[in-house]
Amino acid sequence: MMMMMMKKMQHQRQQQEDHANEANYARGTRPPISGEGPTSQPNSSKQTVLSWQAAIDAARQAKAAQTMSTSAPPPVGSLSQRKRQQYAKSKKQGNSSNSRPARALFCLSLNNPIRRACISIVEWKPFDIFILLAIFANCVALAIYIPFPEDDSNSTNHNLEKVEYAFLIIFTVETFLKIIAYGLLLHPNAYVRNGWNLLDFVIVIVGLFSVILEQLTKETEGGNHSSGKSGGFDVKALRAFRVLRPLRLVSGVPSLQVVLNSIIKAMVPLLHIALLVLFVIIIYAIIGLELFIGKMHKTCFFADSDIVAEEDPAPCAFSGNGRQCAVNGTECRSGWVGPNGGITNFDNFAFAMLTVFQCITMEGWTDVLYWMNDAMGFELPWVYFVSLVIFGSFFVLNLVLGVLSGEFSKEREKAKARGDFQKLRENEQLEEDLKGYLDWITQAEDIDPENEEEGGEEGKRNTSMPTSETESVNTENVSGEGETQGSCGSLCQAISKSKLSRRWRRWNRFNRRRCRAAVKSVTFYWLVIVLVFLNTLTISSEHYNQPDWLTQIQDIANKVLLALFTCEMLVKMYSLGLQAYFVSLFNRFDCFVVCGGITETILVELELMSPLGVSVFRCVRLLRIFKVTRHWTSLSNLVASLLNSMKSIASLLLLLFLFIIIFSLLGMQLFGGKFNFDETQTKRSTFDNFPQALLTVFQILTGEDWNAVMYDGIMAYGGPSSSGMIVCIYFIILFICGNYILLNVFLAIAVDNLADAESLNTAQKEEAEEKERKKIARKESLENKKNNKPEVNQIANSDNKVTIDDYQEETEDKDPYPPCDVPVGEEEEEEEEEPEVPAGPRPRRISELNMKEKIVPIPEGSAFFILSKTNPIRVGCHKLINHHIFTNLILVFIMLSSAALAAEDPIRSHSFRNTILGYFDYAFTAIFTVEILLKMTTFGAFLHKGAFCRNYFNLLDMLVVGVSLVSFGIQSSAISVVKILRVLRVLRPLRAINRAKGLKHVVQCVFVAIRTIGNIMIVTTLLQFMFACIGVQLFKGKFYRCTDEAKSNPEECRGLFILYKDGDVDSPVVRERIWQNSDFNFDNVLSAMMALFTVSTFEGWPALLYKAIDSNGENAGPVYNHRVEISIFFIIYIIIVAFFMMNIFVGFVIVTFQEQGEKEYKNCELDKNQRQCVEYALKARPLRRYIPKNPYQYKFWYVVNSSPFEYMMFVLIMLNTLCLAMQHYEQSKMFNDAMDILNMVFTGVFTVEMVLKVIAFKPKGYFSDAWNTFDSLIVIGSIIDVALSEADPTESESLPLPTATPGNSEESNRISITFFRLFRVMRLVKLLSRGEGIRTLLWTFIKSFQALPYVALLIAMLFFIYAVIGMQMFGKVAMRDNNQINRNNNFQTFPQAVLLLFRCATGEAWQEIMLACLPGKLCDPDSDYNPGEEYTCGSNFAIVYFISFYMLCAFLIINLFVAVIMDNFDYLTRDWSILGPHHLDEFKRIWSEYDPEAKGRIKHLDVVTLLRRIQPPLGFGKLCPHRVACKRLVAMNMPLNSDGTVMFNATLFALVRTALKIKTEGNLEQANEELRAVIKKIWKKTSMKLLDQVVPPAGGQCGLCFLSPSRSRS
């Protein structure tokens, strides 16, 4: 009994400790080990309790045990038993033999009976389970609670309050037991020292505290009610703490901890980024304050009254280009609250920050932009908002993703390594045990020899059986026949010996073999695929209002197919045997689907169940489509990697679920029953009960319209003017944690696993190639044996060679990214030793690109059968084409013709402008035609190699020019054809691709990416399709509704009805009743797929979800909250497709781009980091430090360079920022004056700073630093600003102007003044030069911008092409205020079209714009339509246009950004002990102190002190002793000049080389030669002088010269 108790205690203790270790490990602290008893190692002070340490200890113990066991061999069993116990013990106890403190709470020793009881209870397994169940039950209780408006309640809630006490008691008891068992605080493994325990502790204490408070307030309430209310609110706030209890579940699930740990670890780099984001927000908020303060409060009022003139008011402007009040008798004046109930504005710093944050999240930013356009005119606002979205969203927020994916893969590798080690240990253990058993068995065999013979016979009989090519035979033989023989009695044996049964067995065996061969054949596979395809067809042909015959056919087909699938299953079972059949996951799944189908059919036939319920089962059959993957390796690898990531995703989903639950419960506490402030409309996204709260939180998590929910929350607490603004914190935290952190972990997991899948693919390819090679070799050797004639042999070999070469030549054309050492065989036209622009998103700086192309020779063969290679005409053409002026001219013409396309007027096609542009068009077309003819004359048309038409890019040119020519030919005959051809002219800019090399590489890279993405496209489309089919089953015909909500079927929905505007009985409006379908519906598979696509882009999905929830019957109106459970369909779809598949899509693009970038350096022996560091070391130049000789100047210089001066300026900038942020709308005159004076003071101070610096550094030295130039610009701008505001006193009072409308001059003059006021804000940017981490971030930012020019060009081209097509197709749609195509958002001019596309790229309600461009829309009154054709504008092409644009943008283009960023910012998560380019700046800075003149050399004696000042990994650090530093320096082999100096680049290069171990092993001279070759290969332009400096050639001087001086010094 005692033994069992001990064991149990050990087990529980191990568990507790594991948790403690895990948590401590997560926080990065290592619990020290208390006195470890006799087993502890002498160096226990240094030991770290990581789980592998425990394992190593165990290994040592096992070794010791082994040595014992060898000395005493006989009792093997007992020994292995003891060993196993020992191992288990050591494993359980971690490292410390007694983790519990000797005393708990200063009084209870380990032998104290109370404490022993506590320990045994706490470490008892059922106790753990009980607590987990209690937590779970508590969550359920919290969820059942229904919040009511005005703090009402019902009996359930009262009962729940009582249950709450029970939970509180349970948790309190648990806490006290644990505290007694482990001690409270002072010991290493004490209770509160574990993070999870601390959380428990706080929750319990707060719970107790709230109960006590409640009792106290109840007692005081007896006296008077008013005092109790406030106490009640406090309790409510404390009650909200209970919602954290679900977090305790985390400590029970280890895989959750990996995800959580990686998120927690990522917090440090994330903080850097958070600072950067905050910085961007602050700068933009202050600029917004300066530009837009008080602009949102003017709107159109009726003259002489305070009644707003419009239904949905918008800001307006007195004059200028803003919105004018159109209705007569209305005027523009201030006095309106502002949009969104006055929440969205720039009236003071807090509101401005909230508005800017909302714009960065890309929800509702266009609304703010449009309001600003209305208030100020459209010249200025777009610059502000578009730059904010590009910087804030695309760049800075994508950094979050980079950091998370880096951390996640690191954390996963750690966990994996830990797991592998554990497995290794266990295997060793097993082997030892096995050895023990083998000893036993050999002994036993010696005793019992008779059995052996029988076994032999049995074996013989088995081997005679022929085995098939598959392993399953053997398993099945054993399982099938072995069992029957074993189970039969003597009777069975008698029967089995008879002839008949033997025949039957033989026949059975033969049949099964035949069946198996059939099942495994490719024909059978294709048959099944055809059946699956037919099955898919029947299911997808279902739609709303289908004719009866179709329904019958579908029923019959379903039954027939079901029968066939059942047959297939049975045949497989028979041929493979049950055991082998169920090994494959696919077969299990198949079986499940078939059984489901059979049950469904039976239930429907017996009319036990409506067909709808189970028809979803039918759709699950569609999963069979994935059978295709069996013979398609890359696809099956992809599916495999998806299934692999399911594990990590499951734990992430659990975490996500916990997160959603906690925030839903919190939301119910805060907003339950509060969203009833507007009686006229029912809000759908509320927190009134648990399911609804879950949906709302999930909606905020996807980021769709989260700002609308936030506005409701603020209004519920009294609107923007009250303290209600505080609640926005809840929404912001929820949005940041959920959308940015948790959802990006999805992406991180995706990227991580995809990289694995890719490596799997390549490995398989290599294996296949290897097999192929062996096959060929075998064939050859056979042939050689056949005919032993040596001549034949030689011929065969040489023949082989030729074919291989030919093959290579052919393939060279196809492979756009050859490795480093193979010349590009892209096309005869550009032959080059190496692509100068690396493929992938990191092209080198344009300055480095060698844009000179080698001139391509005239190809062999005659052009047009008449012009030979030497024909003078042809030679002349060749010269002309290759002349640089000609190529540049053509580029210019391409640009001009593109500009002409953009300048066309889409509405009035016969306007003067269009006529002029038409003439230009003729000219451009003529020029391009001549160019093509010249090229064809030179290269020939297409019959021979290298001809003009053999290059895809040339074909593109031909197409574009041909289209233009054709459209001139048929000017009037068929209008629509011409229209299409005119649209095709848009492809002109694409011709530039062929002219700019860098662009060409990016484009090729995109194509490669698209090729590789193919597989994922297939999987995603299949999933889309499946969900669409299920959606059709669930919702077909159910999304109809009447415009009058009182009527619920088409028969009643006729005539007119009266609507009261805003619930006001005095303002009735008459409307017509119309029975209409939803724009997005599930009536057939295609519309279902479109609806689901919009859901997967997260745009407008809540509206669709609530339509689905309200859906009632086919062709019947909605019923409020009719089936809430339907929302599960949408949530599963969003999680599988939108979160997971779309992220994998994105991840795939990123992985592909990174691989393409690396491909170029495939054979260059240096990895990316080494390349970057070496490049830096080769290109860096020493910094000049100016130290003045003049003593007075030196004093100035000394002051300016001192730290106190720096800090003073820092503080001043902060104060200046504070002053700027204090401005607000309607500020008093006094405040205004104070602000102006402060502004002058600051301007004065910064001017003084500039003057001091100019004196100290002299103008030349001052302006050589970029930051100083920036400073001086700001100072000059500020001075102009002060001067202007003094000269024009009206400006300084930023009170709104009187309602009189001053002239336009006033307006423009004001804009110029506000422009100069921006200089005040720009001082903030100076802060960036101060922080170290931020500086590195900025440096990387600039670096990634250099990688972006071609990507940006590609994006610009995409936008250009789509904008021009949009103008041609949708330019005539009329602008209406209540429509998506309106004054702010339309295709009527080129800039407007580009802005609209930019809006779609950020995903702002793109699907609504698409609907507004469909056919049947009203035409613009100015456009040329015939009478009766008012409603003919728009086109069905809109669907293709918008969906293709959205996909290109969201998945390809924006991911180019992400790929570039993740590439450049990997240093944020990399191990800081590995040298990276960001460490090398420090070397330059410190070198300049020893070499102020930037001569590039210092005395060798200074090198040691220099390196001891630089921190590792680059230098030695201050802690490195002098002698060690000297020794390490000698080992570096740094070249030393004859005058005893060392060179800058040589020193830096040697440091990089030793830190990254680049070619440091082996023979030194040989390594140097190899390294020289690599450098020459990658950096062709490195001068030989520099190369000899950094890597001395063989026989040159070497770093051993360091020996003598260092000896003399030491």
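From the backbone N, Cα and C atoms, a Cβ is placed for every residue, glycine too.
Features as listed in Swiss-Prot:
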type     : residues                : note
BINDING  : Glu363, Glu704, Glu1099 : Ca(2+) binding site
COMPBIAS : 765-789                 : compositional bias 'Basic and acidic residues'
REGION   : 1-99                    : region 'Disordered'
REGION   : 448-487                 : region 'Disordered'
REGION   : 765-846                 : region 'Disordered'
REGION   : 1430-1473               : region 'Phenylalkylamine binding'
REPEAT   : 871-1153                : repeat 'III'
REPEAT   : 1190-1465               : repeat 'IV'
TOPO_DOM : 1-125                   : topological domain 'Cytoplasmic'
TOPO_DOM : 183-194                 : topological domain 'Cytoplasmic'
TOPO_DOM : 254-272                 : topological domain 'Cytoplasmic'
TOPO_DOM : 406-522                 : topological domain 'Cytoplasmic'
TOPO_DOM : 577-584                 : topological domain 'Cytoplasmic'
TOPO_DOM : 633-651                 : topological domain 'Cytoplasmic'
TOPO_DOM : 752-884                 : topological domain 'Cytoplasmic'
TOPO_DOM : 940-951                 : topological domain 'Cytoplasmic'
TOPO_DOM : 997-1015                : topological domain 'Cytoplasmic'
TOPO_DOM : 1147-1203               : topological domain 'Cytoplasmic'
TOPO_DOM : 1258-1264               : topological domain 'Cytoplasmic'
TOPO_DOM : 1332-1350               : topological domain 'Cytoplasmic'
TRANSMEM : 126-144                 : transmembrane segment
TRANSMEM : 163-182                 : transmembrane segment
TRANSMEM : 235-253                 : transmembrane segment
TRANSMEM : 273-292                 : transmembrane segment
TRANSMEM : 381-405                 : transmembrane segment
TRANSMEM : 558-576                 : transmembrane segment
TRANSMEM : 1126-1146               : transmembrane segment
TRANSMEM : 1204-1222               : transmembrane segment
TRANSMEM : 1238-1257               : transmembrane segment
TRANSMEM : 1312-1331               : transmembrane segment
TRANSMEM : 1351-1370               : transmembrane segment
TRANSMEM : 1438-1462               : transmembrane segment
Long-range environment of the transmembrane segment (273-292) - Cβ separation under 8 angstroms, sequence gap at least 6: 345-346, 348-349, 352-353, 355-357, 360, 372, 375-376, 380-381, 384, 388, 391-392, 396-397, 399-400, 403, 1217, 1220-1221, 1223, 1314, 1317-1318, 1320-1321, 1324-1325, 1327-1328, 1333-1334, 1337, 1468
DSSP three-state assignment for Glu363 (Ca(2+) binding site): coil
Arithmetic mean of per-residue pLDDT over the topological domain 'Cytoplasmic' (1147-1203): 83
When counting Cβ pairs under 8 Å to the transmembrane segment (1351-1370), the leader among 163-182, 1204-1222, 1238-1257, 1312-1331, 1438-1462: 1438-1462
Interface check, the transmembrane segment (1204-1222) with the transmembrane segment (1438-1462), three or more C-beta pairs under 8 A: no
Ranked first among 126-144, 163-182, 381-405, 1238-1257, 1438-1462 for CB pairs under 8 angstroms with the transmembrane segment (1312-1331): 1238-1257
Where Glu704 (Ca(2+) binding site) sits in the secondary structure, as DSSP reduces it to three classes: coil
Intrachain neighbours beyond the transmembrane segment (163-182), with Cβ under 8 angstroms and 6 or more residues off its ends: 16, 100-101, 104-105, 108, 114-115, 118-119, 121-123, 131, 134, 137-138, 141, 189-191, 197, 200-201, 203-204, 207-208, 211, 242
Environment of Glu363, Glu704, Glu1099, the listed Ca(2+) site - residues of the same chain whose CB lies within 8 A of the CB centroid: Thr702, Gly703, Asp705, Trp706, Phe1098, Gly1100, Trp1101, Gly1403, Glu1404, Ala1405
Number of helical, extended and coil residues in the topological domain 'Cytoplasmic' (1332-1350), per DSSP: 17 helix, 0 strand, 2 coil
Local Cβ density at Glu704 (Ca(2+) binding site) - other Cβ atoms counted within 10 Å: 24
Positions whose Cβ lies under 8 angstroms from the topological domain 'Cytoplasmic' (1258-1264), at least six residues beyond its ends: 1184, 1186, 1188, 1272
DSSP three-state assignment for Glu1099 (Ca(2+) binding site): coil
Structural state census, the topological domain 'Cytoplasmic' (1258-1264) (DSSP three-state): 6 helix, 0 strand, 1 coil
